[in-house]
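Taken from TrEMBL as is:
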REGION    1-22  region 'Disordered'
DOMAIN    28-144  domain 'Response regulatory'
MOD_RES   79  4-aspartylphosphate
DOMAIN    176-241  domain 'HTH luxR-type'
């Protein structure tokens, strides 16, 4: 049975005219984790932030999906290892059925095949459960703004995982892929830097161009690869062998 949506400890009625957390500048968040103590800890951290409101909690993927549909939160913090419908399936369905809601994957380990599967399923980022409170809040703001959270440490693990799974690991990269071939040389360069975990500002500094120029290139990369954010673009870069 799905957990009841809650806001400040009180049930939220589904189907209301006002979207939960629809206060100007406030980011609405649902916490999805099968450990009640973990949800409590995240709630305490996030409720200390003036611009973030925890509007619901879920203990499994079925409940997380139900609350995504009922509450339309900006962000869901999603543990991938949950009973019943796991976080991967829930993420895939939320990405497909609730495109306005972004998912941040939560995991205990930085090398977690379940979490990487969550990224493939459409999550917009990857966080370790021991992330510092300030970093957690900033990650939520970043994802809610339409960006994605991919740290250099995580992208390195992704590279290692994808490289080891390629059939001819250690040999030249795979044959050209039409998605990668559609990119200009500059766009490929941007994608490589994105895949190394660089932010737009860091890419701009590295290439000695404006942040606006980088943002335009990133937008073109996402459009040509037919992905919704930079995390999915990074996954494509690894899967096609660009980063092998």
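Using N, Cα and C of the backbone, Cβ positions are placed for all residues, glycine too.
Around the residue listed as '4-aspartylphosphate', a 10 Å sphere centred on its CB holds 28 further CB atoms from the protein chains shown. Note: the domain 'Response regulatory' (28-144) comprises 54 helix, 27 strand, 36 coil (DSSP; helix = H, G, I, strand = E, B).
Mean pLDDT, taken over the domain 'Response regulatory' (28-144), works out to 90 on the 0 to 100 scale.
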